[in-house]
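As annotated by Swiss-Prot, domain 'Helicase ATP-binding' applies to 31-188. Residues annotated as ATP binding site in Swiss-Prot, with sequence analysis given as evidence: GLY44, ALA45, THR46, GLY47, THR48, GLY49, LYS50, THR51. For 97-120, the entry in Swiss-Prot reads motif 'Beta-hairpin'. What Swiss-Prot lists as domain 'Helicase C-terminal' is 435-601, and the listing cites sequence analysis. Residues or ranges marked as domain 'UVR' by Swiss-Prot: 630-665.
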Amino acid sequence: MIDRQTDRAFDLVSKYQPTGDQPEAINQLTHGIEAGEKAQILLGATGTGKTFTISNVIKNVNKPTLVLSHNKTLAGQLYGEFKQFFPNNAVEYFVSYYDYYQPEAYVPSSDTYIEKDSSINDEIDKLRHSATSSLLERNDVIVVASVSSIFGLGDPTEYKNHVVSLRVGQEIERDALLRKLVNIQFERNDYDFQRGRFRVHGDVVEIFPASRDERALRVEFFGDEIDRIREVDALTGEIVGDREHVAIFPATHFMTNDDIMAQATAGIEGELKERLAELENDGKLLEAQRLKQRTTYDLEMMREMGYTSGIENYSRWMDGRQAGEPPYTLLDFFPKDFLLVVDESHVTMPQVRGMYNGDRARKQQLVDYGFRLPSALDNRPLKLNEVEQHINQVIYMSATPGPYEAEQTDHVVQQIIRPTGLLDPTIDVRPIMGQMDDLVGEINQRIEKNERTFVTTLTKKMAEDLTDYLKDLGIKVAYLHSDIKTLERTEIMRDLRLGKYDVLVGINLLREGIDIPEVSLVAILDADKEGFLRNERSLIQTIGRAARNSHGSVIMYADSVTDSMQAAMDETARRRQIQIAYNKEHGITPTTIIKPIRDLIAVSKKNDNAGEKDDFVASDFEDMTKEDQEKLIARLEDEMRAAAKKLDFEQAASLRDTIMDMKTEIGD
């Protein structure tokens, strides 16, 4: 059994007190939740502290909370902010764990079959396991997630039933524990000890939980009784503390057993017979032969190995669901009274709505042409109405709420005033002729003041050409695009703040929620090209990126002023006047937000060449205290020895060089 802690309260830690619009917004939202309001909207302008407001609401209502974000970059930023506000509670991160993902597909026009190909990020997989285990263990949990949260995850009941619970004094044979660990997909490896593995030394069993990468559990036996449970540093073996009870969660979210597997394979066989008869009656003999060959092979693998490539396509049979029933998702791991916060809801909710249709169109081709059984269609994301059925209470959060939110509720809480006194940026419209020379001049002015610049373009080609052009002029520039891996996007944002880059060029990634106070200029190229990227809502969001700096300004390069441009400028001017009046009344002088630069998510890296230095480790070294510097060097030395022990001499040599550089820097 899992001892779920339901008496833990959220502990908000902040040196700030709610000011401006925040106290009223917090009170209204809290009252709405306590009064049973199903849906509310927090209409908050950029830089007004919406995350801080929501944090106060979470503390007040004390409910497990899912914060839904529309992209991984913003999710990573929110994760860092909530961790800072709630250091004593469980703040988790749940996004797709694929660094690269090519879904299975078939293109009839060219008779091209594309096999599924993917690369899994181990760090994100760990964070996903941490999220689900926290939800089952405690009540004070905030999970920041992308739309990955509405994709299939496995039955939470099966996952919970497979948890191995261990207590000091418990009678259990050592070998029985080993069998339990293997049953929940842990792998025995006495030499390469890492997540999801265990090792055995006599009466001592060491277990590395799937949800952690720094601490392992040491279970010591005396005969057939657990004598002691210790938490140890996985790298050094140093004892961190003793535990009376531990719960070992499965190493995979997709748990099954022999009975379920037998029932599933029998069901798949029955469906295969029906589908083959259907295809043959329609004269689709090639499709029937293809389906029979592929499915028969999968069934053989499932019986012999308990697994096959693409097993997720049989998830309906594995879960015991009926045709058309929704899959289990992260939402099923939450208790029924959880709170949902949809960040940048005007983008996130349309994204949630579109997930099912896109997935269905691709899979229908696979079914029609004999690559998959019809049950594969039930391996899918949730439909919008299915997501709505999970919602207990929701707060839609946006500076520009969309039509969907307006249909759900008329309970709108406004938050326009910034506690910092910062004004919405000034907006200047300039002609397209000579825009490059003008833009470079503006960028150089910001560089002289140690400020940063965002430039947003309409196409990928334009962004790439602009990036190359600025690089040729010696400007430190980065191009933020969709091909960049999840955690690297967050790192690029951090590097911009640190001054490694002065300019960031993007298309659709420099909008909602990107929070960089050093940015004082946002340049919008082709602002008069009406469309999705240049409509009123998009322009207001883009303009908001310059609203966190007291020198914030926006330049729109356009030959005419469109209705969208005018509406965005009018709304910005309205908000600016409200803030000016508030500042005058309270004697506030606008000041740029001072925000600490921190690593949001630890990313494990490996150098491609032995001669490269671990700059990602050393980047903040000179800013550390002497004591912290020595601790970091000691830890890197441990990592170096561990890498050498695993015969990873390339990594060991790289760490050695980094350590030598650090010791030289401190004069050791």
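The backbone N, Cα and C atoms fix where each Cβ goes, and this holds for glycine too.
Keep in mind the model is a prediction, meaning the values are calculated, not measured.
Note on the domain 'UVR' (630-665): DSSP counts are 33 helix, 0 strand, 3 coil. For the motif 'Beta-hairpin' (97-120), the DSSP-based tally of helix, strand and coil residues reads 3 helix, 15 strand, 6 coil. According to DSSP, GLY44 (ATP binding site) is assigned to a strand segment.
Other residues of the chain with a Cβ within 8 Å of the Cβ centroid of GLY44, ALA45, THR46, GLY47, THR48, GLY49, LYS50, THR51, the ATP site, are THR53, ALA399, GLN415, ARG418. Its own atom aside, the Cβ of ALA45 (ATP binding site) has 25 Cβ atoms within 10 angstroms in the protein chains shown.
Model confidence over the domain 'Helicase ATP-binding' (31-188) stands at 92, taken as the mean pLDDT rounded to a whole number.
For LYS50 (ATP binding site), the same-chain residues 6+ apart in sequence whose C-beta sits under 8 angstroms from its C-beta are LEU42, GLY44, MET397, GLN415. Under a cutoff of 8 A between CB atoms, and with a sequence separation of 6+ in the same chain, the neighbours of THR46 (ATP binding site) are ALA399, ASP424, GLN541, GLY544, ARG545, ALA547, ARG548.
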